[in-house]
Amino acid sequence: MITMNEVWKTYPNGVMAINGIDITIDKGEFVYVVGPSGAGKSTFIKMIYREEKPTRGDIIIDGKNLAKMKERHIPLLRRRIGVVFQDFKLLPNLSVYENVAFALEVIEESPSNIRKRVMDVLDIVHLKNKARFYPHELSGGEQQRVAIARAIVNNPSVLIADEPTGNLDPDTSWEIMHILDDINQRGTTVVMATHNKEIVNTIRKRVIAIEGGRIARDEMRGEYGYER
Amino acid sequence: MKGRTILRHLKEGCKNLVRNGWMTFASISAVTVMLFVVGAFLMIIMNVNHFATSLEQDVEVRVFIDIGAEQEEQDELLSDLEEIPGIDSIQFVSKDEGLDSLIASLGEEGDIFKSLKEENPLNDVFVVQAEEPQETENIAGDIETLPHVDSVEYGKDIFEKLFSVTDFVRLVGLILILGLMFTAMFLIANTIKLTIIARKREIQIMKLVGATNWFIRWPFFVEGLLLGTLGAVLPISILGYGYRRFYESVGTETGISFFQFLPQSPLVYQMALLLISIGALVGVWGSMMSIRKFLKV
C-alpha cells in the first residue's frame with residue numbers, strides 16, 4: 001500500500017527532516033505516527049500526499065512512485081488520498097453540505113453522484129441533520145467531522161490525519177477517534193500523526209515513532225512512549 | 001472540459017470581480033490609465049508613420065542622361081533601367097520640361113533663365129522611384145554604372161536624415177508602449193495577488209482534494225481577461241470620440257500637401273482592437289503570474 005525505501009528529506013534551508021526511512025504500511029492498517037515536535041512527523045505525513053518531495057529514495061503508493069511522479073499526475077494521486085488537519089481547513093462561507101460537495105465539484109463529478117456521495121458520508125460522520133449549517137454554527141468536533149467527511153467523500157484508499165484531535169477537548173477527541181476507527185473498519189488505510197498519549201494507549205494500533213528523522217520504534221499494538 | 005465546468009469557471013471569475021469590488025476598481029483603473037496613454041501614443045505614432053511613409057514615397061532618383069545621347073541611346077538606357085529589380089516607376093522629363101518647371105518654381109527671378117531656352121544647358125532626366133524607399137540608395141548605385149548616364153542624384157542627406165528620424169520616433173513609441181504594458185501588468189498582478197491571499201485556503205483545499213492546476217487557474221484567467229477588457233472601454237470611447245472630433249475640425253488640411261492625418265474610419269477601429277487585445281493580454285498575463293506561486297502546494 002505505502003512503501004518507503006531509504007527516504008531522505010533535506011529542506012532548501014538545510015534542515016535535515018528525514019534521514020533514511022524504510023517502512024511498509026499495508027492496506028487496511030491503522031497507524032499512529034508519534035514523536036517529539038520537530039522530529040520529522042509532519043514531513044513524513046506531507047510526503048505521503050506529495051506536498052513535499054523526498055530528496056532521495058522512493059515512496060510507492062498503490063504501485064506509483066511519488067519521487068518520480070510528474071507534476072501533472074499529482075492531482076490524480078490526491079484523489080486517492082484523503083487528508084484531515086488539526087485546524088479543519090473548512091471554507092467559512094460554504095455550508096456543511098457545500099464544503100463536502102466542494103471536494104467532488106473540483107474533480108468534476110456529476111451532480112447526481114455528488115448529492116448521493118455527500119449524503120452518504122455525512123451519514124458516516126453523523127452530521128446528516130446539520131447539512132445546511134455553516135462552520136461557525138458548529139462545535140470544533142463537528143467541524144472536524146465535516147473535514148473528515150470531505151476527506152473520504154471521493155472514496156480514498158488512504159486517509160491521512162495530521163493531529164486531528166489537536167484542537168479538541170478529550171470527549172470530542174474520542175468521538176473523532178471512533179469515527180476514524182469506523183472508517184478504518186470499512187477498509188480505508190488510516191495514518192494518523194498525534195500527540196495524544198491517552199488515545200494511543202487506549203485504542204491500541206501500530207505505532208511508528210519518529211525521532212531525529214529516523215524510525216525509533218515500530219510496534220504492533222504499541223504504546224505512546226513519551227511523557228507528553 | 002465539460003460545459004458545466006466552463007459555466008462554473010465563468011461564474012466564479014465574475015463572482016470574484018464583484019466580491020473584490022475595490023481591488024477590481026483599482027485594477028481596472030490601472031489598465032484604463034495605461035491603455036489611455038498607450039492609445040494616445042498609438043494614434044500619434046500611426047500618424048507620424050503615415051507622414052513618414054508619404055515622405056518616403058517622395059524620395060526619387062533623378063537620372064541625368066548624357067547631353068549628347070541620341071534617341072536610340074535613351075531608349076537603350078530606358079530598357080536597362082526597366083531591368084533593374086525593385087523599381088516602381090520611371091518617368092521621362094525632357095530638358096525643356098525641366099527648364100519650364102525650373103522657371104516656374106523660381107517665379108519672377110526665373111525670367112532670366114528664359115533666355116536659355118535656345119541653348120538649354122540641362123540634361124534630359126529619368127525620374128525613378130523605388131518600390132521600397134529603403135532600397136533607393138542601392139538602386140541609385142546600380143543606375144550610376146549604366147551607359148549614357150551623366151550623373152545620378154537622390155538627395156542622399158535628406159533621405160538619410162528622414163529615415164533616422166522616423167526610425168527614432170517608432171523606436172521611442174515602441175519602448176514607451178512596452179514599458180507601460182509591463183507597469184500595468186505588474187499592477188494587475190499585484191492587485192490580484194492581494195485578492196488571492198484571501199482565497200489561499202480555498203486554493204489549498206482544491207489542491208489537496210485533487211483539482212488540476214488548470215481547474216484552479218480558469219476562474220483567474222476569466223477574471224484577468226475581464227479586468228483587461230473592461231479597462232479598455234473608457235480609453236477607447238474617449239480616444240475614439242476625441243479623434244473623431246479632431247479629424248472633423250482639422251480634416252486633412254495641415255497646410256502641407258503630403259502631411260495628412262489618417263482618416264478616422266480605419267484608425268479608430270484599429271486602435272480599439274489593439275487596446276482590447278493589449279488589455280486582455282495584460283490582464284490574463286498579470287493574473288496568471290500572480291497565481292503561479294499559490295499553485296505550488
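The count begins at 1 with the first shown residue.
Note: Cβ is positioned from N, Cα and C throughout, glycine not excepted.
What TrEMBL records for B:21-46 (among others) is transmembrane segment. Outside the transmembrane segment (B:21-46) by six or more residues, the chain places 169-170, 173, 176-177, 180-181, 183-184, 187-188, 191-192, 194-195, 227-228, 230-232, 234-236, 238-239, 243, 262, 267, 270-271, 274-275, 278-279, 282-283 with a CB less than 8 A from a CB of the stretch.
The domain 'FtsX extracellular' annotation in TrEMBL covers B:59-152. Across the residues of the domain 'FtsX extracellular' (B:59-152), the predicted structure has a mean pLDDT of 80.
The transmembrane segment feature in TrEMBL is assigned to B:171-197 (among others).
Positions annotated as domain 'ABC3 transporter permease C-terminal' by TrEMBL: B:175-284. Note: the domain 'ABC3 transporter permease C-terminal' (B:175-284) comprises 92 helix, 0 strand, 18 coil (DSSP; helix = H, G, I, strand = E, B).
Summarising the annotation, TrEMBL assigns transmembrane segment to B:218-243 (among others).
The feature transmembrane segment is assigned by TrEMBL to B:267-286 (among others).
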The domain 'FtsX extracellular' (B:59-152): DSSP-derived helix, strand, coil residue counts: 48 helix, 22 strand, 24 coil
Long-range neighbours of the transmembrane segment (B:171-197), counting only residues six or more past its ends (CB under 8 A): 16, 20, 23, 26-27, 30-31, 33-35, 37-38, 41-42, 44-45, 203, 220, 223-224, 227-228, 278, 281-283, 285-287, 289-291, 294
Chain residues outside the transmembrane segment (B:267-286) and at least six past its termini with a C-beta under 8 angstroms from it: 27, 31, 34-35, 38-39, 42-43, 46, 181, 184-189, 192, 221, 224-232, 235-236, 239-240, 243-244
